[in-house]
């Protein structure tokens, strides 16, 4: 009934509740209820239902029983109770010898049902026999006061109960509802054995990974205490740190590069060399050269792996990838002129270190944008020394097989004559033109024809129109002096006569502004192209360069610095 802002009601659970209306929150709140505990409501869970204050929902069917009306239970109306899943043996009226007698399921610590009936039984066993002899007996209990049995529906069962009337109830069920103790014991033993085996396997796997991590950490510690020497990695260690070589960064003629992470969270690049014979030659060249060089503009080799036919190199990881990726990404993004000039100068410093500062002159042999890596601040690092050739100080030239990348090769490479470090200078000049223009030197057109940018660059430089050579995406935003300086350096680098090319040391001084540079002549190979400098076949250039080089080889008796008169202190 309604009294002002309070109302009394009895809900489906059987509790009487007084609710109070709270104006500010616009909702009803519970003021009091009777009975206080939900499980104290008489027959709340119906026949063979068990109530527990610690469970949600409160009601559940006891073992061997299931909900009588599922839809009512879904609506939280449990009063319909539960029904037996398998009839008792005495209810089947079967005399078959295969029918097993009923058994009892032990329910300890429960509130005993109402309507117990006393029976004659001097022991627990006798009490059980009394219940078995009566088909109407559903459960029994035995305590200090004697034997008690229940016939008919069991109501008001409550589990996890500690109040008055608590005891152990033996619930009668069909034999099929309970496992044979021997079988149950076998299942338990099997479960225990299986569990122990699983734990041992897990521990073995954990121990294996911990041992692998310990071994890798120890390898790193030994390397660091040895003064920064190269780390000799195991192949399994590199498999682990690269997640089985799952993240590929790139690849080339000698192998693929994958990203990895050391236990101290240091990112690394792992180069896996392909092909045993060619790969091992490249492997030994890189380890012997990079491993002993330290310069801010050279990629740092951290370690290597040599197991059987496997050859791997571990480098520091460069966040920005290669210059090739940053320079030719598309029409929407472009490196600023300041960054391009920084890359050109840093690359020159790195190559100068290889040519002049190392114990043995190191010719890179494959200078191109793909082999210039950039860190997070766009600091360039010369990488991929796999094609490098060591040159002793007592010799001015070295004979080698033709190597490098087409489009960046010096004429002496194509003609097959011995080379000097000036071959790297030529490749650097070709790459510098691409840094200036933001495009490939040879743009392939229709019918195998190509627009060759160096020809245009040499012509525009002599006309004094270097702005037209600048990457159009920069919209003319470049330092005019630096642009002119870079164009002159590039055209000096690609001269046919290697003796007239500057050294990398002179290039560094020119780009830094410490040396003035004269106007370079148009290379003979480019001048020989004649009247159509913009549209040529790339093969025509190579052929022209080869011819000019062969004619000039016999007269190349000057030192590598014979062109110094073209470059004077400012």
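Note: Cβ is positioned from N, Cα and C throughout, glycine not excepted.
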(Q) Suppose you had to name the range TrEMBL annotates as transmembrane segment; which of 160-185, 186-211, 212-237 would you pick? (A) 186-211
Q. For the domain 'Apple' (90-174), DSSP counts of helix, strand and coil?
A. 13 helix, 35 strand, 37 coil
Q: Going by DSSP, give the three-state secondary structure for residue 271 (ATP binding site).
A: strand
(Q) Using Cβ atoms only, which residues of the same chain lie under 8 Å from residue 271 (ATP binding site) while being at least 6 residues apart in sequence? (A) 255, 256, 257, 312, 313, 314, 315
